[in-house]
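Per TrEMBL, domain 'Toprim' is recorded for 2-145. The feature domain 'Topo IA-type catalytic' is assigned by TrEMBL to 163-581. As annotated by TrEMBL, region 'Disordered' applies to 366-386, 723-818, 872-952, 1109-1162. For 723-732, 803-818, 881-916, the entry in TrEMBL reads compositional bias 'Polar residues'. Look at TrEMBL and you will find 733-752, 931-952, 1111-1124 tagged as compositional bias 'Low complexity'. Annotation source TrEMBL lists compositional bias 'Basic and acidic residues' at 786-799. According to TrEMBL, the feature domain 'GRF-type' maps to 833-873, 986-1025, 1068-1109. What TrEMBL records for 1144-1161 is domain 'CCHC-type'.
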Amino acid sequence: MKVLNVAEKNDAAKTLAGFMSSNIKRREGFSKFNKIYEFEYMLFGQKCDMIMTSVSGHLLGLEFVGSYRHWRSCNPLSLFDAPVVKQCIPGYEDIKRTLEREIRKCSVLIIWTDCDREGESIGFEVIEVCKAVKPSIKIYRAKFSEITSQSVKRALQNLAQPDKRTNDAVVVRQELDLRIGAAFTRFQTLRLRQVFPQNLSDSLVSYGSCQFPTLGFVVERYKAIESFIPESFWKIKVIHEKNDLCVDFSWKRVRLFDQLACQCFYDLCIENPVATVVSVNSKPKSRWRPLPLDTVELEKVGSRKLKINAKEIMRIAEKLYTQGFISYPRTETNIFPKEINLSNLIGMQTADPAWGEFAGRVLQDGPNPRNGTKSDKAHPPIHPIKYTSGLSGAEQKVYEFVVRRFLACCSKDAQGQETIVEINIADELFVANGLMITARNYLDVYPYDKWSAKEIHVYEVGEQFRPNIEMADGTTSPPKLLTEADLIALMEKHGIGTDATHADHIETIKSRLYVGLENEKFFVPGHLGMGLVEGYDSMGFPMSKPNLRAELEADLVKICEGRKNPEIVLKEQILKYKEVFEVALQQAAKIDEALAIYLQEQPCQVETSGIVIADLPSVVYKCPACGSDMVLRTKRDGSGKFISCMSYPQCKTAVWFPSIVEAVDVSNETCAQCGPNYHKLKFKFRRGALPSYSVPEDTLCIGGCDRDLLEILSINIANVRPSASSSLGNTQSSAINSSASSVNSARGPSSNNTLTDNALFPASDNIHLPGNARNPPQNARGRGRGGQDRGQRSIKDIFQRPGTFSETSVSNARANANPDSFIDQTSDATVMCNCNQAAIQLTVRKDGPNKGRPFYKCGNQSQCNFFQWADSASSASSPPQNSTEWNRRQTGAFSSDSGLGRSANTSSFGQTQFHRNPSHGMASDRFNSVPSNDSFSGTSSSSGTSGSVGPSSVNSTFNSFGRFAMQSNNDTSTPFNESADNAIVCSCNENALLLTVRKEGPNKGRQFYKCGRSTCNFFQWAEESTNNVQENLQNSFSTHNNVNAWQPQHQTGSVPGAANSYDNDVRCRCGGPGKRLMVQKEGPNKGRPFYTCPKSVDKCQFFMWADEGSSDSASGSSSNWGRNNRGGRGGSSSSNSSDGKKKRKCGNCHEEGHTKRSCPNN
């Protein structure tokens, strides 16, 4: 068995391996700093091949995804909710590669990182990397308090499981530090650079939840000194001089702030100046030896006594640790474990000429260290592990301090005799103290402590003498400025940072010029630091106080203990800081005012609140896949705009606009139907690209409330609105629950972008869109006037064509229909396969999400590849809620190689059922799969079928299936089959096959037609075949005379007086009948009829005024409205009129009837 062992540092790995075996083979990993040690060891009752390697601290780090990483790509406020991911820290990729390579050949992983919070988190990062390569790996955690032979053996005998709760606490802290620090730092830096360009144009004005309270300590002490008001005081001094020895007696009242009162006491003492000894007390007194050395004490004492700053102290200590002279310098422990052999460690120091003699005395008396109360259960106190005399400079100072501190704590306390004498003068008491040191003990080796003897006379009780009495005055003094040791002590007291980060936070506020040093010792706040603290204080926020951070530290402890949920702590803390940040944006001028005083610079006029970022992408809506912001961007070539997710490339959701969109911008107006997260877009369409007689500009919503707009722009509903089966919940993606989602969305528009929203929005009359994607409000589908009733403007309202069948009549017809006539009276509907045989029902046995789910398949040995879920067949009245199943059924309706199930006797259209003949083949199934639509209704009876169909439903049905399926007037309600009049035929005059591109490339998923017999080279994209048919199908319905006409009927002439009609006598460039429209725009031509191309998308530039028709478009011309040579709907015309003199053609659009100067396409 091979076992991979991972330590936190290379030196630790080397030492651990040395304790496990004396026969170690070393080899190189991908990282030159992290070696691999191989040896054999008896573990789990067998001989194992042990592989020991290491990381270098944290291997993975949290980072924002996509564009959120760039300072000028998003509003800093969005960083509180932006997705974050854990990824390998730059420069540590080689360590990660080593772990991935070694774990492949191992079956067990043992984590040997430090047994503290950070060490536990580092261990989980190693686990994450290894499990990604080998998910079945067995994982163990080695628990040890120090790196000794005994502790290593004990850890291997008691292997445990990693502590997830401790890791969760670290991840919460990391994510909060990232979000809070990034948001405030970007806000402060970007704004203050604009407001104070002379002083801060190149400055990084950072913020951290630890560094700002550290700055607050300095500012608070400085302001306390500045605001200090000295007070005068008076006191009585008594001095007894005898045999050249002066003894000072202190007044028990200490001092008085009333001069007159002090003068009265003084006068009484002068009147009777004889002092009488009241008491003489003598008692032994000890000076305690120091505690074992931990990191905070090393930083404080080193700063005070060695005159080396904390950052440099830790750097030197790390180097000495790496060289093997001292133990690990980052520890909170001040208790020596019993397993450490102190005598051996002390014996190594007996060779030193400076402290060797003292070390010998300690060995003779036996080491007896004074223990404290703290233990992080990770590392022992800092102590020497090897003697050396070859150091110099600062390294020698630090090493000597560690050795002397170690010997002192293992020695004895200093001993002395203290005498306290109390005298009485005129009933006023005075006290004098004397000290005689009897045994110096640890003071002999530890010069960093001072305990001076104080000699006094020998007094007897009742003895009297005349001392010198005088009245002295003085004033109170302010507190001193903070030293580095004082600052570290305050940080430790209030829980700001850790022992390993105190020095880093202090260096940060120094490097940002928030603070400076006076006399190279005392901290004073800088102008920038004072301004920031006072600016936030003026808002009423305790940003510079330790309270917020202390609350977090307390919550982290509760997470480790299992008393608090990490996700709840994370959300509460983010919400708390986000609220503060929002107010800070609104009151940013207060920071400007505070800084202007200290920087002595007039602030530049910028936005009254927040920050101004040039070319900041405008947010349109939230990504339906990952919850990030979807923003409007400009293509790299500048040819247009598109909408993409801020989390790209992790999330590839995007919306691409077709060429008919000339310009688009984000409006400040939000959609009342889709909700406040959906901003409307200002569109400018290409002139003549849409069947419009209104201005080609308007503000519209693409959030899903206007389905006609989505059809025209070929926008997939899944790219603008989350599916019913997916629940974004909290759009914030944190490192606790998951990393940022990586969704592979289509990069450009294709035929797959047809609206599959019927699976997302089931047929129901009580659907509500804004609050729930699965419940849009009634009439909120963008059809007819549904949006207009709520003050919304849809694409149909803008491009409405008078004379078409209105949805009002549809609603009336539906309201008058008899519901009972829609119910299928057949009790046992049989599911038929594509062979027109009864399908057999089976159940999924394979393990997976569908195990136990019933389905239908062909009973004739799968001759037709038929497949259908049983629950889909049993609930045909509504499309399946599972969007995957709905997409499969839709795809099955288009692909030539997929089967599609159907009911034998009935099919449903939304919640309305129609009787049918089961022998109509696949066309029935296509109709059966038509999604629900509120604008379609009908009644069925024995005498026939009546129905009313709005043009919206016709468009929707057509766009969903690539061809239209309708029913005749007879009672069988027979839909069109493959040979119907609207089918696509190839050059062989045979029905073409509809296929889908499967090959990887830009056209993957796009549908096309080809020859069914492969005898001709016919080819046509599916979307190209829809344009002509769609408009003619709409024209086939009469709004007044033939409501029940379900068969397409072709008009052979223009409709007199109709504002919106087709005229076969007038042909556009595409060969189709010209569409007659009416000018609605205010101007001299308002109300004037004209002809244009009937296509709704990618139309040609055909235009002709109706009252200027040429002779070759007169009523005498005949029309041959049949099939063109491409198989789609086309037309050709031949004129019976005599050839006359041709009219002058326009030089712009090459049409007759006007000149280039008066061309309407200009």
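A Cβ is built for glycine as well, from the same backbone N, Cα and C atoms used for every other residue.
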Original post:
Using DSSP, how many residues in the domain 'GRF-type' (1068-1109) fall into helix, strand and coil?
Top reply: 3 helix, 13 strand, 26 coil
Subject >> DSSP-derived helix, strand and coil totals, residue by residue, for the domain 'Toprim' (2-145) >> reply: 48 helix, 45 strand, 51 coil
Original post:
When DSSP states are grouped into helix, strand and coil, how many residues of the region 'Disordered' (366-386) land in each?
Top reply: 0 helix, 2 strand, 19 coil
Original post:
Averaged over the whole of the domain 'GRF-type' (986-1025), what is the pLDDT?
Top reply: 76
